[in-house]
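S.K.: Below are the structure tokens for one structure; questions will follow.
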Amino acid sequence: MTVTRVAESRTEFKLKSLPENAISSVKFAPKSNQFLLVSSWDRSVRLYDVTSNTERHKYNHEMPVLDVCFRDAVHTYSGGLDQTLKMYDLNAGVETDLGEHKNAIRCVEFATEVNAILTGSWDGTVKMWDSRVPNCVGTYNQGNERVYTMSIVGEKFVVGTSGRKIFVWDVRNMGHVNQRRESSLKYQTRCIRVFPNKQGYVLSSIEGRVAVEYLDSNPEVQKKKYAFKCHRIKEAGLEKIYPVNAISFHSVYNTFATGGSDGYVNIWDGFNKKRLCQFHRYNTAVSSLSFSHDGSALAIACSQLDESQIEDPKPEDTIYIRYVTDQETKPK
Amino acid sequence: MGRKKKKASKPWCWYCNREFDDEKILIQHQKAKHFKCHICHKKLYTGPGLSIHCMQVHKEAIDKVPNSLPNRSNIEIEIYGMEGIPPEDVKEHEKQKSGGGKGSDSEDDEPAAKKKATTALLGPGPSTVSPGILPTPMGPAPPGMYHGHMPMNPMMPPFMQAHRMMMPGMRPLFPAVSMPPTSTSKPTFPAYSNATISAPPTTSTTSSSDPKENGEVKPPAANSCPLVTATGAGSKIIHPPEDVSVEEIRARNIKYRPKPKPDAPVPQPQPAPAMITPSTSQAEVWVAAHMNAAVAAARQQQAAAALRRGVLGGVVGVLPASMPRVPVSMPQMAPVMPMLPVMPQFNLVRQLQPGMLLPGGMGGMGGMGGMGGMGSMGGMMPMGAMFPGGVMMQPRYR
């Protein structure tokens with residue numbers, strides 16, 4: 001991948017003391033644009049102070065970590081290939097194993113509404129955990145499909161799995177699944193994020209395509225759903241279509257950023273069907289994105305996860321923090 | 001717009017308060033002074049236009065209109081000549097200039113008419129500035145998908161064009177999905193029939209035309225297959241062939257297997273000794289089993305597809321050799337490929353549009369390379385499997 005080197009500027013900089021292997025997930029702390037939690041294939045979970053560009057905490061799993069989340073400013077949760085859900089108290093520096101899945105934990109989310117942790121696993125289930133003590137509240141089968149992505153806003157909980165299945169739950173009532181859907185995209189689901197206003201969700205696939213869908217099953221509302229192509233590069237007559245690995249919502253404007261294996265980050269206005277901007281090309285695939293709570297900063301994790309695509313020399317695993325402007329994120 | 005009053009005074013520039021005799025000159029001034037991109041010196045039409053241009057073309061945010069007064073630097077306000085100036089500023093300006101102004105009605109009317117004319121004429125101006133963000137059929141046109149396609153449009157079966165047209169109306173939104181089935185039917189190319197000298201287009205020609213057009217759309221039928229299938233000759237999904245997430249594939253790597261001492265507190269960078277401890281074997285077995293199943297299924301499909309392709313395989317094999325060398329080598333090909341009346345058509349079209357010539361040719365080559373690289377699994381199988389026409393189309397890209 002040829003990339004023009006972009007000088008660091010006040011609007012964008014690279015984090016220091018980065019993980020030593022691919023970055024699986026980045027998440028900003030709730031109510032902060034200072035702290036960023038990062039999970040990596042180097043088995044670590046790290047907390048960065050973005051303002052001072054320092055690493056503040058670090059703990060390890062036995063195996064690569066695939067996802068992390070915050071409960072509040074001082075409690076974090078993580079899971080990965082070691083199948084174990086860990087809670088970490090940042091103040092005390094104490095880690096607690098909360099429980100296990102039968103296969104790798106792919107996604108970890110905190111459900112504010114019920115004060116519980118949700119984990120999605122390749123064992124085909126989602127589990128709900130008491131956020132304080134090791135206690136699994138419930139196990140919810142996701143059609144025996146491996147969980148690839150999850151997103152929760154308020155009570156709306158959407159799970160995307162292998163086989164292009166989508167399950168919509170209400171976390172207040174996990175007794176039954178609210179909606180079972182098939183992805184409207186024809187290829188493997190890569191990422192799902194629920195709109196901050198809970199009206200719907202955005203779904204991306206490995207085939208350079210993003211769908212905007214609505215949860216209300218009323219046909220009038222469903223008519224509004226659409227999908228568009230992105231993260232494709234045409235070179236010498238061959239169109240390369242890249243997976244769209246990451247989506248992150250701007251919580252204030254309901255616009256969202258997508259990151260693809262092509263190394264680009266785009267910001268979209270999903271309601272008006274417009275692209276607001278595209279950043280420069282990053283050094284390798286964008287593996288994870290996270291807007292800070294007020295939408296002023298965007299963390300961009302760059303890691304090539306697809307080892308068949310890794311070039312020589314191997315592109316660095318990096319995390320950029322970009323301070324975005326209204327012009328880049330606000331619907332026009 | 002409160003426009004009636006303002007032409008009492010001379011046209012003036014909101015950004016720098018300078019007066020002009022003629023609005024045309026004012027517009028020239030604004031384009032040169034305030035709406036010029038500092039990077040490429042392109043002259044845009046409005047402040048927002050400039051800002052969008054910089055954002056999209058140079059990926060730079062502009063927060064101020066260049067060369068403007070401090071309180072008049074707002075880039076968000078769309079001003080073109082005297083159009084769009086906030087009414088309060090118009091009043092203020094008139095107040096400052098007062099003493100004069102307030103011309104007779106007749107004076108008023110004439111410029112007004114003129115102004116309207118200009119606006120009407122220039123109306124499209126501001127909008128053309130930002131084609132990138134206008135809603136294109138499927139929403140914004142991201143760089144990847146663009147206009148490489150456009151020249152191809154004429155070749156699309158007309159109803160597909162209709163499809164595109166419809167899209168701005170934005171309903172079913174899944175044209176991609178809905179198209180492929182229809183595309184197997186047989187519209188001809190009325191649009192191009194005169195450009196095409198030889199061979200009236202046949203059914204097969206049409207089918208051979210779409211894959212490139214919307215290659216990525218093709219595979220829906222192959223969907224159930226556990227492979228991420230290439231999407232037609234013109235495009236390639238940058239993903240491992242297996243239809244499992246890259247994380248799962250990566251997790252199979254020996255270096256991510258658990259290490260003998262699980263509680264080592266230090267992060268162990270990669271090459272960890274690969275030992276399968278009892279605690280993990282379960283997971284591994286699971287993963288392994290799953291993957292094997294996927295791969296096996298894939299192979300089956302592949303084999304089936306190969307069978308189905310059977311006879312045509314020969315054809316496919318032959319074409320690559322002749323095609324890239326002699327793009328217009330229709331006659332030679334004809335015996336090989338009964339369908340080939342198509343080919344001249346395409347070649348012709350290409351020649352008619354020099355811009356396309358190169359990419360087209362390269363596409364052929366690139367396609368070949370790509371195919372080879374993907375082995376037999378990715379590229380061709382799905383087409384053969386799901387879309388018999390697919391075999392016909394291939395030669396075109398080789």
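Yeah, the Cβs are placed from backbone N, Cα and C, and that goes for glycine too.
In case it helps, TrEMBL gives these features for our protein:
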- B:6-65: domain 'BED-type' (DOMAIN)
- B:84-128: region 'Disordered' (REGION)
- B:88-97: compositional bias 'Basic and acidic residues' (COMPBIAS)
- B:179-224: region 'Disordered' (REGION)
- B:180-194: compositional bias 'Polar residues' (COMPBIAS)
- B:195-209: compositional bias 'Low complexity' (COMPBIAS)
S.K.: When DSSP states are grouped into helix, strand and coil, how many residues of the domain 'BED-type' (B:6-65) land in each?
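M.R.: Breakdown, helix to coil: 25 helix, 5 strand, 30 coil.
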S.K.: For a three-state summary based on DSSP, what are the helix, strand and coil counts in the compositional bias 'Basic and acidic residues' (B:88-97)?
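M.R.: For that range the per-state counts are 10 helix, 0 strand, 0 coil.
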S.K.: Could you give the mean pLDDT over the domain 'BED-type' (B:6-65), rounded to a whole number?
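M.R.: Taking every residue of the domain 'BED-type' (B:6-65) together, the mean pLDDT is 86.
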